[in-house]
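S.K.: Got a structure for you, written out below as structure tokens; questions coming shortly.
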């Protein structure tokens, strides 16, 4: 028995928060050079556990052994000194600082800024995570922000790398490249603790998986010997009902028509839309794929009415020119809208659920009477959403921010769907949402389309688009590809389009830059 | 021609002096706000700094001791604010307003025995030749040390915030305290130090008023300069260089309206007295309308309570 000591060994880790036991006697063993998946639904205690490992939280009870020695991890700096790096799910980035400054803050000995910028450029080049160290983070897309986090960790030369949902915003090709990087790191002896909701990805990448449910370890397995379905069922503890793809009915009249939409922005880092045209018909779901930062934010803003477009006719809702209308007028025309950012845009974090229900519901549900809020109706509307969409919360008085990501997203989508919109535009419907909630959201979107509404889904998750959409188009550098019927295309083909390989290349130089 | 030029020199010199207390107070508050704390007690800290500095200078006969005492008194007031808001998680706006009310009362109490007492003037710089230069000589080379100190503080604060690692950490804490905490920075300790610095700078501003600018002690000697300093920070979009411009503007209009009053032009003196405040606010509002600049420079966690465990 002369096997090398375990890289990290947790024994009986228990952490209690007021009102909930987040971790209950958790044991976990990580070996050098293994890629270990940590599975569980939102609220299963994964985040708490990794925060304990990274020294952000302290366990109430239990032991931590690092390379065979009992240890205490007082704070993240202590974790970094041991050689533990972490990519956070909710990015720990500072919007008004540059990429280089952000990375410098995560290092203990960053050295002079110029040298650091050079190292950032080198590492991001080597791992295919292109980044400009001088840019400000608030101008970066979600995907680019994640790259900052990953590069920050790689610069620390870690012995244990914790990755919380790292691929949610990457193209399949980029994810493949990241996996190569992770496998190379693992081969060099680095241990990787990998949290993801994408079970196929875990099957492809990980050597071992530990499953958490309700704060306890409920099993461990070799994910390569399991199916995605069996893994999901282990996580949720019951059988999984996946939404079934009903054959699409007759597509009806066009509910949303976008004609030659181009945008210009004052923000030098925005991606302007260039001559984007498409339409969404009653009864169908159109999916728009693309890597973050290729114009999704601009398209969402142009559709929701947050940004007005110069030519009113370039956006038509139910055949009526709407480009000059604000969000409220567009809602009155029949548009419902679910933005990508749940907290702050989809819902006000500090307000209760019934107040949040009121925010977009007041136009079509009779929640306001002669200028005064009808609180009774707002409450019952919120309760209807909570009931119909199985939102786990302690009631309509709960603050929006107290809900887990999946439950809040179910609430926001429910709020829009219960208004019976004729047109629904959704951005990233299941970003950071667990498998059970994602299935419920997918089911609701499909049901809405089958009931005759037009649905537009803008997402970076290709698996999701293939589950949901009848047709898929790809956004790249502000250009939109032709749409293809989902059953006539493949993940590989869409992946190539996401890298800019359109059949009719817009500009050669842009393709060059993308590759 | 020469008569006007002769007038210009003293006006310039007086303008620099009038801008000095604003510079101290606003630069201090700028650092505090960059760390994510809003301390509305600047006026109160200035008054307590003014009276303590004056009292110590009268007792010891040393104006240097007076300035040090003023800074210490301001820092003491700030420590009170820091304990209440950072450790006991009191609301920053309410606590700051209370601190100002407390400072007004406390300074009046301490100052009772000091009203009307004369004090020796702070010596001014004299460089033969340079100070005697026409027009600019007195303004540039004939001020006292505090004026130069305040001017030096502008690049110093800028350098600290934008060129040092400690400054970067301070800005990070003000930007996103949860992320800074997750990376392992001691949010409360960093903010407490920033608050103490802000208090000391406000105390210096007060001591400059009572020891040097006026120099005497009178109740309410700061006359709202603490509030102008607060406004300066916001309208300067948290940039030290712009604070300097705002302070000069305020100082310039203060001195100009005094001269207009002296010329006996028929405008009510109350209108003229409010001119510096009005002009500073209007000009700064107009030049700070750039949304992108505000977004880049405003500390996003400003005024938010931080719980380490949330």
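Even glycines carry a Cβ here, placed using N, Cα and C.
Remember, predicted model here, so these are calculated numbers, not experimental data.
Below, the features straight out of TrEMBL:
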TRANSMEM  B:6-25  transmembrane segment
TRANSMEM  B:37-58  transmembrane segment
TRANSMEM  B:64-90  transmembrane segment
TRANSMEM  B:97-120  transmembrane segment
TRANSMEM  B:140-161  transmembrane segment
TRANSMEM  B:192-211  transmembrane segment
TRANSMEM  B:217-236  transmembrane segment
TRANSMEM  B:243-261  transmembrane segment
TRANSMEM  B:267-287  transmembrane segment
S.K.: Which of B:6-25, B:140-161, B:192-211, B:217-236, B:267-287 shares the most C-beta pairs under 8 angstroms with the transmembrane segment (B:97-120)?
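M.R.: It is B:217-236, which has the most Cβ pairs under 8 Å.
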S.K.: At a Cβ cut-off of 8 Å, and with pairs 6 or more apart in sequence only, do we get at least 3 pairs between the transmembrane segment (B:64-90) and the transmembrane segment (B:192-211), yes or no?
M.R.: yes
S.K.: With CB pairs under 8 Å as the measure, which of the listed stretches B:6-25, B:37-58, B:140-161, B:243-261 comes out on top against the transmembrane segment (B:217-236)?
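M.R.: Out of the listed stretches, B:37-58 contacts the transmembrane segment (B:217-236) most.
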S.K.: Based on Cβ pairs under 8 Å, which of the stretches B:6-25, B:37-58, B:140-161 lies most in contact with the transmembrane segment (B:192-211)?
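M.R.: Ranking B:6-25, B:37-58, B:140-161 by Cβ pairs under 8 Å to the transmembrane segment (B:192-211) puts B:37-58 first.
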S.K.: Taking the transmembrane segment (B:37-58) as the reference, which of B:6-25, B:140-161, B:243-261 gives the largest number of Cβ pairs under 8 angstroms?
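M.R.: Result: B:6-25.
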S.K.: Below 8 angstroms Cβ to Cβ, which residues of this chain, lying six or more residues outside the transmembrane segment (B:140-161), approach it?
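M.R.: 13, 16-17, 19-20, 23-24, 27, 30-31, 34, 67, 122-127, 130-131, 133, 167, 170-171, 201, 204, 208, 212, 239-241, 243-244.
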S.K.: Would you kindly list the residues that approach the transmembrane segment (B:6-25) from elsewhere in its chain, counting only those six or more residues past its ends and only Cβ-Cβ distances under 8 Å?
M.R.: 42, 46, 134-139, 142-143, 146-147, 150-151, 153-154, 201-202, 204-206, 208-209, 212-213, 222, 225-226, 228-229, 232, 243-244, 246-248, 250-252, 254-256, 259
